[in-house]
Amino acid sequence: MERSIRSLPMQPEQDKRQVALERAEELKHRIEGYLDAVKNIPTGFALAEQNEARKSKILEYFGATESDWNNWRWQMRNRISDVKELRQILPLSDEEAGHIEFVSKKFRWAVSPYYLSLMQADNPSCPVRMQGIPSIWEIRDNWGKEDPMAEEFTSPAPRITRRYADRLIINVTNQCAMFCRHCQRRRNIGEVDRPAAVEDVKAAIDYIRANPEVRDVLITGGDPLTLSDEWLDWILTELDSIEHVEIKRIGSRVPVTMPQRITPELCEMLEKHHPIFINTHFNHPMEVTREALKATRMLAKAGIPLGNQAVLLKGINNDPNVMKKLNQELLKIHVRPYYIFHAKHVKGTAHFITTIQEGLEIMEHLRGYTSGLAVPWYIINAPGGAGKTPLLPQYLLSVEKDNVMIRTWEGKVFRCTNGGYIDDSNDAC
Ligand SMILES: *Cc1c(COP(=O)(O)O)cnc(C)c1O
């Protein structure tokens, strides 16, 4: 006790409290702008009643019941993919309807009734709507590549994408509950829902079995959770039988686009295959709803860690406050923000692409300003599938033999001792 007091600079208790109080005031000011801005950011929880009203209208249109709504097979069967049907539910101008019709000749679209219930009827730039309903810009902005990640060149076996030494992707279907307008694999979406052929999945599993350095297998698509519990169970059982496969991950957007898919039976099946992780894809706080929470809580209770891989999209989430709110809302539903991807130059999605500076500014507004748990990595994919590459604002200003200069989240600059003898003067850390 005596020792620790002596090692601190001599200051009366009163003065220390005063310093802390002043600092607390300063910290409060740091967050004022955000607290103001966040009042105007719509969230799924705050819009619950409006969503509920739209859901009733959709059920009425289909002549369906609450139990239909909660049945994911009903949600899949009744995906809306026809503009005439859409117009019965979501008011569209003749121009918008014409555009959707025109774009759908080139790119398939479909939305689950649930995801449609999150769309604001009176707002064409609603962030949920922009992700699900085709835009004329998919045709007008016609630059980019079909396959910028060169997935066709990184597939050593059917259905496998391998870009890393110890982990790979197995792509099990091209189906989704909703076809994202920013989809990076839209070239695979095709005209019909197509689960991978059984022989192809077997060949992919054989490849994994034959390559003992593969310890982490990502099951993705399309959306693997559009497959039946039985088929997924079979794939996971096969992977469990391979000794060198240490962990499995599922990449799925159903917690966002069709949370009804997360059933007690699915969770019971997944629990047999631990350790298993799920990464999902929320892009806006409006997607974080009570229904999503019900799904993510079930998965969390089944012991499955949940991560989020957002995509930075112009007009949807390219705003530091929106992204901060999204990541905070995600923690409320047990989902840990994992990645923010810089959008790729996929043909038909150019209108969503932002600058890198926008992504860096978002990161700058996260670190220090909110829970470290709410700070994902900002990732750009190197061309040709060369790998995920993190981008970070500059916090390390210089590195010398004996010391380094750092900048904190508030922009304070410090010199820190670099290894070796640590002198305890004030500027050393
Ligand atoms: C993204 C990706 C992975 C997983 O990367 P992590 O950084 O480990 O999450 C694995 N394989 C491929 C081909 C990928 O694109």
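Cβ coordinates are placed from backbone N, Cα and C, and glycine is handled just like the others.
Residues or ranges marked as domain 'Radical SAM core' in TrEMBL: 162-373. Confidence for the domain 'Radical SAM core' (162-373), expressed as mean pLDDT, is 96.
Here TrEMBL flags C176, C180, C183 as [4Fe-4S] cluster binding site. Sequence-distant neighbours of C180 ([4Fe-4S] cluster binding site): residues of the same chain at least 6 apart with a C-beta under 8 Å from its C-beta are Q131, G132, R253, H281.
What TrEMBL records for K388 is N6-(pyridoxal phosphate)lysine. Of all Cβ atoms in the protein chains displayed, 14 besides its own lie within 10 Å of the Cβ of K388 (N6-(pyridoxal phosphate)lysine).
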Among C176, C180, C183, please name the binding-site residues whose Cβ is nearer than 6 Å to ligand 1.
none
Residues close to [4Fe-4S] cluster site centre defined by C176, C180, C183, Cβ within 8 Å:
M178, F179, R181, H182, R185, R186, I189, R253
Counting Cβ atoms within 10 Å across all protein chains shown, which of the binding-site residues C176, C183 comes out on top?
C176
Please report the distance from the Cα of K388 (N6-(pyridoxal phosphate)lysine) to the Cα of C176 ([4Fe-4S] cluster binding site), rounded to the nearest angstrom.
24
